[in-house]
């Protein structure tokens with residue numbers, strides 16, 4: 001157990017509630033937690049589990065008009081934060097407890113220079129005078145690893161990258177040497193290589209300053225990289241807590257076990273992912289709103305069946321893979337698409353340039369090459385994974401192939417049709433064959449349209465189904481196929497959770513009976529446990545309907561789970577293109593290697609190494 | 001910045017030319033012209049009355065002189081030529097329009113500038129007050145009052161105020177800009193007299209825009225206080241006042257800067273009616289009188305002036321945008 005004697009913060013039976021139309025909704029329900037001095041506590045849970053509400057309760061930053069701390073105490077250095085007058089709380093914030101947030105892009109004030117935003121904390125808490133404050137800011141910028149700190153203090157947030165902005169946030173949080181740093185999903189919005197750097201930085205600063213950190217995340221991989229202790233939250237309650245080795249090697253609660261099992265990993269060869277539902281059932285009592293968790297046996301029949309029946313990875317024709325420079329002599333013939341098969345989608349030298357205009361006459365003086373001459377083939381029934389960091393051009397590629405945006409050069413054929421050359425008018429009757437599922441299920445459904453309207457609109461456009469009733473029946477079948485129910489048809493998007501909405505988006509794409517679906521970061525906005533369900537669904541649908549996918553993601557482990565072939569994109573170009581397993585086993589490009597090594601790993605061996613290294617550093 | 005402004009000013013030229021062409025066509029397509037106004041019109045000419053009095057020749061000469069019977073494009077270029085030479089005239093009185101127009105323009109610009117300042121100076125704190133305590137009693141009262149004000153048509157309010165002030169003997173002047181004895185007053189009493197005359201017209205012109213802009217300010221502020229960087233400011237230990245005045249205010253100005261461009265022409269349009277009701281010798285009154293007597297030059301010049309003001313308003317709001325928001329640069333604004 002965690003030592004309680006040296007705890008910096010002791011949370012005892014915290015209850016935080018939100019006012020709703022039908023009384024109070026309890027977001028945090030009797031949370032008891034200790035954060036030890038000089039330790040990093042990882043708080044894990046899915047969205048809605050109450051982990052962010054916990055952090056905002058500690059900071060007392062919840063909106064007073066709609067939220068209240070109903071019960072409990074939070075003892076921080078002998079003071080109860082729940083009952084502290086707001087004036088004293090204000091002095092504590094930024095000085096003794098500080099916080100960094102998920103979105104570095106929106107967490108900095110866009111109209112002030114970053115240097116002055118950091119200086120503000122020092123001035124507010126009288127840690128510096130206006131004379132020497134900028135010198136202190138430059139030192140802080142240096143400490144958090146911002147290059148050229150003396151110049152960078154004069155930058156505005158929009159002039160910095162996401163990782164740099166998060167470093168500014170960290171500098172701001174650490175300016176007054178706080179006892180406790182609360183980091184609320186600080187790396188979720190960042191690219192995986194930047195995430196690795198930021199995690200390393202937080203770890204290093206924590207050790208040099210011996211401060212305590214409450215690190216909140218939904219990603220167990222990140223926890224494994226950084227935390228000393230772990231607490232798992234589910235629906236406002238703490239379900240399990242303990243030192244990290246214990247949680248990862250011997251999880252007690254079925255929810256924790258489910259969370260650990262549902263992450264796609266780079267090593268795993270699984271054809272389907274576990275979900276939390278394989279480990280537990282939740283029995284709800286409708287009258288009281290209470291629920292009980294019933295544990296299940298870990299290896300469900302579903303998993304066994306899926307592993308046995310699901311198809312193996314399907315590579316492009318042997319000659320094509322060999323021409324890409326891979327030695328595939330050891331792989332059996334049935335894993336390849338037969339020679340001579342025509343690709344369903346064939347892309348040659350696709351370019352998407354955006355003009356840069358400067359000067360008095362707004363002349364085009366250069367181009368931003370979002371997509372800079374990429375070529376690939378996708379065969380029927382295959383999944384091509386398109387992976388890369390933000391800004392690499394992967395989304396632009398997807399949209400250009402959909403002909404949603406115009407492209408500068410190159411050609412692409414779809415099913416023998418010169419897709420890139422069709423006029424908008426001639427394209428329209430064919431459009432249904434190529435569909436897209438977007439990233440954000442909240443923004444990509446029209447809030448004023450029912451599920452039925454979403455599903456049947458495109459059917460009517462393409463004259464699928466004989467009558468309105470006919471289309472309604474088809475829509476109902478689709479909902480069942482994606483794991484929803486017929487009675488959901490007349491409902492509106494806001495009545496569904498994120499995962500359910502993404503299922504609706506998938507059903508909408510399927511409604512027009514496409515042959516090809518582009519999944520553009522389609523699971524990135526979802527919780528890990530929901531992500532596993534949606535990934536399984538996509539694979540099931542592919543096998544059942546013979547669909548072909550381009551799966552676009554920044555997450556190499558997800559792409560590897562989904563894809564037969566992988567294309568790695570960097571700065572608009574394909575730096576590596578080949579069979580998914582071979583790319584992972586033997587990356588040839590430096591960029592791919594960096595991408596792979598930056599992915600947080602959950603392995604006991606790595607965990608032990610990290611803890612040993614950490615202890616050594618602490619001892620020094 | 002200078003390059004940007006210069007480019008924008010150059011771009012105004014084609015816009016203004018387009019406006020000029022359109023206004024010219026609209027005015028020319030209204031029935032009647034200065035000649036018919038002066039010599040009794042078509043009905044009188046057909047009845048042969050003018051022929052008997054010998055005015056038919058005079059009308060012919062008048063029409064020839066002002067090219068009223070020439071094709072439209074000839075008239076247009078004749079007019080454009082005179083604009084560049086500054087020879088804008090009254091057709092009937094045969095004199096230059098500038099001695100009437102310039103003082104009227106000064107009055108209208110002064111009144112509108114005062115209204116403009118008042119609207120923004122009052123709307124910003126009112127909006128902030130409403131937004132910092134949304135749905136409080138104060139906010140509800142203010143919302144209701146502003147809503148009622150916004151719904152009242154200004155010509156009706158102006159007339160009611162004028163009657164009310166006359167009835168109640170408040171001593172507030174309701175007509176013109178100066179008392180009859182203004183020439184004999186020394187500076188301070190004269191200024192006081194002038195100010196009193198301005199109270200009612202400015203009140204009538206201010207309230208509706210004030211209601212609108214302060215609502216926008218409230219909405220903008222409510223949007224901003226929900227942003228992540230406001231949470232960051234609180235997490236730093238900023239006081240509630242500092243959060244609002246330092247971190248939220250500058251960001252919440254964007255929507256009302258955008259409104260700046262549309263408020264200017266709306267105000268000038270609105271001042272036409274108010275100037276008429278309070279008998280103020282401004283541009284509005286001058287324009288209406290000219291429309292009735294078909295003084296083409298005067299109508300077109302006042303129209304062009306408001307077009308220029310509108311375009312300048314848009315330019316000013318764009319420049320302010322760049323000054324307030326570092327994310328917008330002159331380079332990227334196109």
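Each Cβ is built from the backbone N, Cα and C atoms, and glycine gets one as well.
TrEMBL annotations: computationally assigned, not manually curated.
Keep in mind the model is a prediction, meaning the values are calculated, not measured.
Marked as domain 'ABC transmembrane type-1' by TrEMBL: B:105-317.
What TrEMBL records for B:9-27 (among others) is transmembrane segment.
Marked as transmembrane segment by TrEMBL: B:107-129 (among others). Counting only same-chain residues 6+ beyond the ends of the transmembrane segment (B:107-129), those with a CB under 8 A from a CB of the stretch are 138-139, 142, 177, 198, 201-202, 205-206, 209-210, 213-218, 220-221, 244, 249, 252-253, 256, 263-264, 267-268, 271, 275, 280-284.
Residues or ranges marked as transmembrane segment in TrEMBL: B:141-158 (among others).
Among the features that TrEMBL reports, transmembrane segment is placed at B:194-213 (among others). Using a Cβ-Cβ cut-off under 8 Å and counting only residues 6 or more beyond its ends in the same chain, the transmembrane segment (B:194-213) has close neighbours at 111-112, 114-115, 118-120, 122-123, 126-127, 146-147, 149-150, 152, 154, 157-158, 161-162, 165, 172-174, 176-179, 182, 256, 259, 263, 266-267, 270-271, 274-275, 277-278, 280.
Residues of the same chain lying 6 or more positions beyond the ends of the transmembrane segment (B:252-278) and with a Cβ under 8 Å from any Cβ of it are 108, 111-112, 115-116, 119-120, 123-124, 127-128, 131, 154-155, 158-159, 162, 174-176, 200-201, 204-205, 208-209, 212-213, 216-217, 219-221, 223-224, 284-285, 287-288, 306, 309-310, 312-314, 316-318, 320-321, 324-325. If you look up TrEMBL, you'll see B:252-278 (among others) marked as transmembrane segment.
Tertiary neighbourhood of the transmembrane segment (B:298-324): same-chain residues 1, 5, 8-9, 12, 15-16, 19-20, 23-24, 27, 79, 83, 88, 90, 97, 101, 105, 250, 253-254, 257-258, 260-265, 268-269, 283, 286-287, 290-291, 330, 333, selected by CB-CB distance under 8 Å and a gap of 6+ residues from either end. Under the heading transmembrane segment, TrEMBL lists B:298-324 (among others).
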